[in-house]
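Reviewing the structure listed below.
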């Protein structure tokens with residue numbers, strides 16, 4: 001059975017030795033931590049990627065990035081054959097392998113191979129990408145060491161956005177049918193679809209299509225700069241925080257703008273100019289602008305999902321095709337967005353647990369599934385049957401209907417297989433705004449967000465809290481949900497929920513209501529209930545924090 005050179009694995013593993021007592025968990029975004037602690041993890045994920053490649057007889061991707069985390073962190077995530085996130089059973093193998101002590105490495109590798117029925121004679125091929133962090137190149141080399149010690153072949157793409165690596169994996173496993181597995185192939189595919197989609201828009205004479213982009217001092221700046229000449233006649237992009245000075249994700253980027261509700265440093269904004277921010281590995285995007293009075297307006301993932309799903313619904317009506325479209329949200333989605341989609345747009349909305357893998361999985365149940373977390377991480381998924389149908393209709397239909405089908409076809413080509421791609425999201429948004437003649441203020445005015453507040457409560461043991469109904473209802477401890485229900489009744493247009501953090505002993509509290517004062521007050525009262533009923537530690541929550 002043993003076709004692994006286990007002695008070679010042991011020898012190489014000693015060069016990437018694991019610090020004693022370090023325990024890691026493969027989360028939604030793989031492993032993330034301070035870069036200096038990751039060498040052994042990278043080597044082992046190279047081993048795991050080679051095994052996964054042998055098992056699936058496909059190319060597997062390894063991305064070296066810590067996304068929106070600070071520059072001194074790094075991380076790694078594996079990409080499965082169709083450009084999707086690693087299968088849950090292999091997340092368990094990843095955790096097991098990352099935590100194995102040096103003397104147990106051989107037995108853990110053999111155990112994974114047996115459990116997953118890996119044919120060790122099979123060839124392995126792994127593609128690798130990395131972001132711009134100072135630590136990424138060296139950590140990529142550790143991945144390569146892991147792949148090659150198991151006899152795997154590899155292609156190192158070097159600097160890529162995370163979604164571009166997903167694209168490369170999918171292209172290689174569909175023999176080029178999806179696109180060319182090169183960076184030019186990616187640029188050409190997306191740009192061609194964008195230019196085609198916006199053709200109709202520029203008959204209107206509105207030539208002022210410019211956008212300011214905050215690239216978080218990350219990889220998005222390099223790639224957008226390489227790509228912009230492909231679409232510069234349709235859209236002019238001005239890049240800020242492009243990595244020439246300033247640290248990755250420091251006081252800039254999508255996560256900063258979303259959590260601080262203010263523009264990034266280094267961005268000059270005139271009133272009513274369209275601006276957007278990527279995160280460090282360019283898989284999230286949020287939009288924003290200053291109004292004439294200088295007030296900051298954030299346009300988050302909820303409003304992005306609303307704009308895109310409304311547009312798709314209109315095109316489906318135009319072609320008279322009854323493909324089912326669904327929008328997937330989490331409990332954090334603003335209640336106004338849910339109401340607008342259901343009541344105004346008549347688009348069905350579904351709620352899942354927090355975490356992009358839950359949203360992605362649910363979105364796969366529809367002909368067209370749209371999901372965006374409020375933080376701007378999201379995409380549109382077209383089922384194979386829906387894609388086939390739309391491409392057929394684009395050839396068969398007459399005039400106006402054919403145009404609508406062709407537009408849907410271009411949207412399909414703009415969304416790659418990744419769970420979120422800031423560049424493709426940006427191009428789709430820009431195309432829709434141009435086609436509908438919408439200004440950034442008009443888009444923002446589709447509905448008004450309900451005021452909301454998020455708080456954290458420290459507890460002795462977060463596992464005391466369990467939830468159901470996509471985390472919107474607390475099951476334990478006893479009495480907590482009843483207390484929340486009673487508090488919610490006191491405020492207009494209100495709701496609140498609590499959920500345990502996935503990584504630390506805190507409980508997250510979310511509340512919304514008809515005014516900021518009410519939302520703040522409700523969040524505080526719910527925090528007190530959590531503190532009292534779920535074993536709060538330290539100081540009791542205070543109002544106004």
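Numbering starts at 1 and runs along the chain as displayed.
Backbone N, Cα and C atoms are what each Cβ position is placed from, and that goes for glycine too.
Just so it is clear, the model here is predicted, and its values are computed rather than measured.
Under the heading domain 'Alpha-D-phosphohexomutase alpha/beta/alpha', TrEMBL lists 54-100 (among others).
Cβ neighbours within 10 Å of residue 279 (Mg(2+) binding site), excluding its own Cβ and spanning all shown chains: 34. Feature annotation from TrEMBL assigns Mg(2+) binding site to 67, 279, 281, 283.
As annotated by TrEMBL, active site, phosphoserine intermediate applies to 67.
Annotated domain 'Alpha-D-phosphohexomutase alpha/beta/alpha' per TrEMBL: 121-170 (among others), in sequence order. Per-residue confidence over the domain 'Alpha-D-phosphohexomutase alpha/beta/alpha' (121-170) averages out at a pLDDT of 97.
Summarising the annotation, TrEMBL assigns domain 'Phosphoacetylglucosamine mutase AMG1' to 182-286 (among others).
Annotated domain 'Phosphoacetylglucosamine mutase AMG1' per TrEMBL: 300-437 (among others), in sequence order.
The feature substrate binding site is assigned by TrEMBL to 373, 374, 375, 499, 500, 501, 502, 503, 508. In the structure as shown, the Cβ atom of residue 373 (substrate binding site) sits within 10 Å of 24 other Cβ atoms.
Here TrEMBL flags 383-417 as coiled coil. Cβ atoms under 8 Å from those of the coiled coil (383-417) belong to residues 82-84, 163, 166-167, 169-170, 178, 186, 189-190, 192-194, 196-197, 200, 312, 315-316, 318-321, 323, 364, 366-368, 424, 427-428, 431, 435 of the same chain, restricted to positions at least 6 beyond its ends.
The DSSP breakdown of the domain 'Alpha-D-phosphohexomutase C-terminal' (456-526) into helical (H, G, I), extended (E, B) and coil residues amounts to 23 helix, 24 strand, 24 coil. As annotated by TrEMBL, domain 'Alpha-D-phosphohexomutase C-terminal' applies to 456-526.
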In contact by Cβ distance (the domain 'Phosphoacetylglucosamine mutase AMG1' (300-437), the domain 'Alpha-D-phosphohexomutase alpha/beta/alpha' (121-170); 3 or more pairs under 8 Å):
yes
Work out how many Å separate residue 500 (substrate binding site) and residue 279 (Mg(2+) binding site) at their Cα atoms, rounded off.
25
For the binding-site residues 67, 500, 508, which Cβ has the most other Cβ atoms within 10 Å, all shown protein chains included?
67
Least buried of the binding-site residues 281, 283, 375, 502, going by other Cβ atoms within 10 Å?
502
In whole Å, note down how far the CA of residue 281 (Mg(2+) binding site) lies from the CA of residue 375 (substrate binding site).
14
Reduced to three DSSP states, the domain 'Alpha-D-phosphohexomutase alpha/beta/alpha' (54-100) has 15 helix, 14 strand, 18 coil
Cβ-centroid neighbours of Mg(2+) site 67, 279, 281, 283, 8 Å, sequence order:
65, 68, 131, 161, 162, 218, 278, 280, 282, 284, 377, 422
